[in-house]
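Trainee: Would you mind keeping the following structure in view while I ask a few things?
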Amino acid sequence: MTIIINVRERIEEWKIRIAAGFIREGKLVAFPTETVYGLGANALDENAVKRIFEAKGRPADNPLIIHIASFEQLEVLAKEIPEEAEMLAKRFWPGPLTLVLPKSEVVPRVITGGLDTVAVRMPAHEIALKLIELSERPIAAPSANISGKPSPTSAHHVAEDFYGKIECIIDGGETRIGVESTVIDLTEWPPVLLRPGGLPLEEIEKVIGEIRIHPAVYGKSVDTAKAPGMKYRHYAPSAEVIVVEGPRDKVRRKIEELIAKFKEEGKKVGVIGSGSYDADEVFYLGDTVEEIARNLFKALRHMDRTGVDVILAEGVEEKGLGLAVMNRLRKASGYRIIKV
């Protein structure tokens, strides 16, 4: 049985205490953050963390992010905290930024995929912070979806994947950003962007200078993943996804051509983007990159529910949040990309 705790209208501490009790007991709780919903367990309880991997069907070498509510918790989890980490934490925490640091001995290796590094962030969401505070434990939490599927931006999405399989879902409404956190590896110099996300790379570079972009961001395969989203296919709906990149007018013409082609083949076609199309299903993502990021996973899940055979997606410019949007679209498509 799964308990759904509704705090959409008002955050009541006694309700969050119920969920915190589940965390202390080694059980799983799905909760909202500013990015996507997380599937949380006590980060210091190895058996509880293993349940996350089992519930999601997640490969054991795909690390988890630990969520904290205070800098003091970071000092427990990380063996070393470089000056750059302190600068970034001071500027961007709470917020959608994950830092990869040398792990301390208290962090179970099941969380880190067997590596000597740990990924940590402080979420900018009142419910998430209150849950961590009341459970009195750091919380390990990947996105609250079956591995490989689009990430959840609402409690409804979580319930689609996990109702009856986990102990508790906290319903705090839709998430504000819609894509996962940005992950920066501070164990190398210059620092490395392992995953683009809700905090644009340009903002981080203003604080600590140049950051290298890991080749995995653009699809290069890796043997070892220091962060989630690097090694395996992610964010994918059931339908085939094709991303069309290029100038907006050319993208539109190409998508219209593809709609006609697939309809001739008897396929049901969906389109996600900012234009209107004569497709079977069209999901309008918005006009700004912030709106597109917020609605992307919702759109992919919507297309799954409508039963389309093919999803055609408009590419966006890779600036600001656009880098994260394109990273997610490319992975969702399995790198089926048409450039025009």
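Glycine too: its Cβ is placed from the backbone N, Cα and C atoms.
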Trainee: Look at the L-threonine binding annotation in Swiss-Prot, where THR35, HIS67, ALA141, SER181 are given, and name the residue from ARG17, ARG91, ARG121 listed for that site too.
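Mentor: Among ARG17, ARG91, ARG121, only ARG121 appears alongside THR35, HIS67, ALA141, SER181 as L-threonine-binding in Swiss-Prot.
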Trainee: For the ATP site that Swiss-Prot gives with ARG58, ASN62, THR117, SER151, ARG195, TYR235, which of SER104, SER143 also belongs there?
Mentor: SER143
Trainee: List the other residues in this chain whose Cβ sits within 8 Å of the Cβ centroid of the L-threonine site residues THR35, HIS67, ARG121, ALA141, SER181, in sequence order.
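Mentor: For the L-threonine site, the extra neighbours are THR33, GLY38, ILE65, PRO96, THR98, PRO123, ALA128, GLU180.
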Trainee: Which whole-number value in Å describes the distance between the Cα atoms of ARG195 (ATP binding site) and SER181 (L-threonine binding site)?
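Mentor: With distance taken Cα to Cα, SER181 (L-threonine binding site) is 8 Å from ARG195 (ATP binding site).
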Trainee: Within 10 Å of its Cβ, which one of these binding-site residues (ASN62, THR117, SER151, SER181) has the largest number of other Cβ atoms?
Mentor: SER181
Trainee: Round to a whole number and give the Cα-to-Cα distance in Å for the pair ARG121 (L-threonine binding site) and TYR235 (ATP binding site).
Mentor: 21
